[in-house]
Amino acid sequence: MSAIILDGKKLSEKILSDLKKEISEINRPIELAIVLVGNNPASLAYTKRKQKIGEELGIKVKIYKYEENISTRKLREEINKLNKNKKIKGIIAQLPLPNHINTESMLDAIKAKKDIDVLGRESVGRLYKNKSKILPPTVAGIKKLLDEYKIEYKGKNVAIVGYGSLVGKPASMVFANEGASIFVLRSSTKNKNKLLREADIIISGVGKPNLITKKDVKKGVIIMDAGMSEQNGKLVGDVADEVKKIAKYITPVPGGVGPMTVAMLFWNLLELVKNRS
């Protein structure tokens, strides 16, 4: 029997529809700033997509575009201006940034009250202490999908594949706080295959096609695939197609975690607006 598909596209559309209604009832302007550095075509496309979705919700989305050669110091100064601008309720930095920029330093400049990606030091500190009002969008999207399909994670073995700042690291914190037993698998981890086969839930966000195959997992596993890369002109996740045959639930790529990430980004923005009012 094939796995049940966790339809992130459908759920994200419902979340965005609910947000649109709530934003119209707030009846005051909400402005989002997106910081874009350089001319990376993929970054530009992602930025435009966020702008389009935001404006459909009734949010004013302004793109602050900077030259490729801007320094970290200058970029931090620009972020501080956005922090002080009372009209702006949320700030996103479109990643990746050019190599010469200290990404961590730049993200740390974003104040927690406007950090809807939950990537700055202040925001991550709150998350670590389980005191954050919002979760990083990808992890929030994964959690929301699990909750929507009434999939229990408390007391379950959850394998986190990869330990990046967007998926692995925050997912390990969030699900540990929720009472799951966490094991993080990095490239240096020994007995990776054994640990994967013990997992009830696998959350992967590496960006490497066919990283997880049928032989790596047990029957009835739940797969949350947040990986994204291109293979033969197609968008694919970290998990091989064959895993569908033995998994109980699985997120598709595209149409799973991706659209949920975008929906939860705007959900975070509205939460911060409500918390400040």
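Any Cβ shown, glycine's included, is placed from N, Cα and C.
Look at TrEMBL and you will find Gly162, Tyr163, Gly164 tagged as NADP(+) binding site. Per TrEMBL, the feature domain 'Tetrahydrofolate dehydrogenase/cyclohydrolase catalytic' maps to 6-117. According to TrEMBL, the domain 'Tetrahydrofolate dehydrogenase/cyclohydrolase NAD(P)-binding' annotation covers 136-275.
The DSSP breakdown of the domain 'Tetrahydrofolate dehydrogenase/cyclohydrolase NAD(P)-binding' (136-275) into helical (H, G, I), extended (E, B) and coil residues amounts to 55 helix, 28 strand, 57 coil.
Listed in sequence order, the residues of the same chain lying 6 or more apart from Gly164 (NADP(+) binding site) and placing their CB within less than 8 Å of its CB are Gly205, Val206.
Residue counts for the domain 'Tetrahydrofolate dehydrogenase/cyclohydrolase catalytic' (6-117) under DSSP, split into helix (H, G, I), strand (E, B) and coil, are 58 helix, 21 strand, 33 coil. In the shown protein chains, 17 other C-beta atoms lie within 10 A of the C-beta of Tyr163 (NADP(+) binding site). Taking Cβ-Cβ distances under 8 Å and a sequence gap of 6 or more within the same chain, the neighbours of Gly162 (NADP(+) binding site) are Gly168, Leu185, Arg186, Ser204, Gly205, Val206, Gly227.
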